[in-house]
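According to TrEMBL, the Mn(2+) 1 binding site annotation covers A:ASP103, A:HIS211. What TrEMBL lists as GMP binding site is A:210-214, A:336-337, A:385-388, A:SER392, A:411-414, A:LYS487. Among the features that TrEMBL reports, Mn(2+) 2 binding site is placed at A:HIS242, A:HIS336. Here TrEMBL flags A:HIS411 as active site, GMP-histidine intermediate.
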Amino acid sequence: MSDENETSILDILTKVNDNTWEVPGNYKPGMNVPGRIFVSKPLLDILEPETIDQVANVASLPGIQKYSMAMPDAHLGYGFSIGGVAAFDKEKGVISPGGVGFDINCGVRLIRSNLMEDDVRPRLADLLDSLFEAIPSGVGSKSRMRLTDEELDDVFIHGVNWAVKNGYGMKGDLSHCESNGMMPGADPSKVSIKARKRGRPQIGTLGSGNHFLEVQYVDKVYDEEAAKAFGLKEGQITFMIHCGSRGAGHQICTDHLQKLTQASKKYKIPLPDKQLACAPASSEEAQDYFKAMVCAANYAWVNRQMIMHWAREVFDEFFKAQHGDLGLDLVYDVAHNVAKLEKHMIDGEEKEVYVHRKGATRAFPAGHPEIPEDYKNIGQPVIIPGSMGTASYVLKGCPAAMELTFGSACHGAGRVMSRSSAKKELRGEEIQNELKSQGIIVRATQPSLIAEEAPEVYKSSSDVVDVVHNLGIATKVARVLPMGVVKG
DNA sequence: ATGTAC
């Protein structure tokens, strides 16, 4: 069966190099540009054939630039594949919620510390219990804090600035978030009452699915200079937070998809897939979505900020008396699901484009104006979470990203088994015990959630990372290994 | 991912 798959995929694609495969511009009628799928041969062998169709479908949207792209962790998503990158002309292009995803600004942040593995290992179980208690998790979980309507507007507009101003963080946190934790252009009047209602009680909650808070240690440094700049060294304790905009972002996406489905008809945009609903970038409908999407993006940054703040408190409670200042600095926070207006060189000219990254990480190189001062000579930290119980990677953005992928890299391991199959075929308790035997503690609200996120339902994060490393899009700086995981 | 179906 897999032989047939392989043959059909290889019949369609043209090999550009070991890690780049082209979907020819004539593969499907209506394609405006060819597709580019960045995978190694082994990852190509497990690529779902429908992903190629999704890449081709996106290539048919108006104003798309250069290529419709898919990162090495690509898999089937709503309209656009997860791992999809597409840039659209500011004037002649479109904006599409499917190119961002339901979990707007799902993303990940990494926090470093002065602690070493041996300092934490003896108290790990208690530490995880306290983190699990301090950070609400699971579907529909409610926050420890209640925002007023005015505060919710401030979160939507000012993002992490609001949090720092109110004592939930340090000034240095701002510059270490992509977009300083605050994308400009938010308009809360474009967010429905329903989305507000869902978002208000959820700020500072982890959610469910692949979202997690993980206590880790730096296992390996590949790039001494970059690791030093990022404040990372072998044996050091770090923690990582992976989550998004919860019900707020989901509702914002749902609301505007409905409006943009109508708009696609109004503007007579031919859609090979209804899930690609979109509108001309400059239209009121597209701009309304964008303004609401920015609200959700800023909400997600605050969400991760609050979780970090409470996790810092827990770490202090455990280790401050003995170790003093723990140096719990934010290394960086990246968005995985967002659309941004960026400047890119296209055919020798600088152009403004709406870059849609859905399950893809921005990976700007050294010298780019959007990189914080202390990382300016290194490149943007690119944080790639592994699946539960497996390694995560820190990379640095490199110049090839600007040439090949509109400054983008992969975002994670990428699923190979659906949630439903995983629940049927795997048992959470067994996986939890298996991880325990490897010294990894998992705290979750339900065993079935552990099954859905088992290591074997994901591709290997190291295979995925090797592709972007070998292409020179983003190169490896350090690897971190999990010690304990808090999950929804 | 998601008050995992209004």
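Quick reminder: no glycine exception, Cβ is built from N, Cα and C everywhere.
Bear in mind that TrEMBL entries carry predicted annotations, made automatically and left uncurated.
Features as recorded by TrEMBL, highlighted on the structure.
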residue	record	Cβ neighbours (10 Å)
A:ASP103	Mn(2+) 1 binding site	24
A:ASN210	GMP binding site	23
A:HIS211	Mn(2+) 1 binding site	24
A:LEU213	GMP binding site	27
A:HIS242	Mn(2+) 2 binding site	25
A:HIS336	Mn(2+) 2 binding site	28
A:ASN337	GMP binding site	29
A:SER387	GMP binding site	24
A:HIS411	GMP binding site	28
A:GLY414	GMP binding site	26
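Geometry remark: A:ASN337 (GMP binding site) versus A:ASP103 (Mn(2+) 1 binding site), CA distance 7 Å. Ranking the binding-site residues A:ASN210, A:LEU213, A:HIS242, A:HIS336, A:HIS411 by Cα distance from A:ASP103 (Mn(2+) 1 binding site) puts A:HIS336 first. Secondary structure from DSSP puts A:SER387 (GMP binding site) in coil.
Annotated pair A:ASN210 (GMP binding site) and A:HIS336 (Mn(2+) 2 binding site), C-alpha to C-alpha distance, rounded: 13 Å.
Rounded to a whole number, the C-alpha distance linking A:SER387 (GMP binding site) with A:HIS336 (Mn(2+) 2 binding site) is 15 angstrom. Cα to Cα, A:HIS411 (GMP binding site) and A:HIS336 (Mn(2+) 2 binding site) are separated by 6 Å.
It is 6 Å from the Cα atom of A:HIS242 (Mn(2+) 2 binding site) to that of A:LEU213 (GMP binding site). Distance between Cα atoms for A:HIS211 (Mn(2+) 1 binding site) and A:HIS336 (Mn(2+) 2 binding site): 12 Å, as a whole number.
Geometry remark: A:HIS336 (Mn(2+) 2 binding site) versus A:LEU213 (GMP binding site), CA distance 16 Å. According to its DSSP assignment, A:HIS336 (Mn(2+) 2 binding site) is coil.
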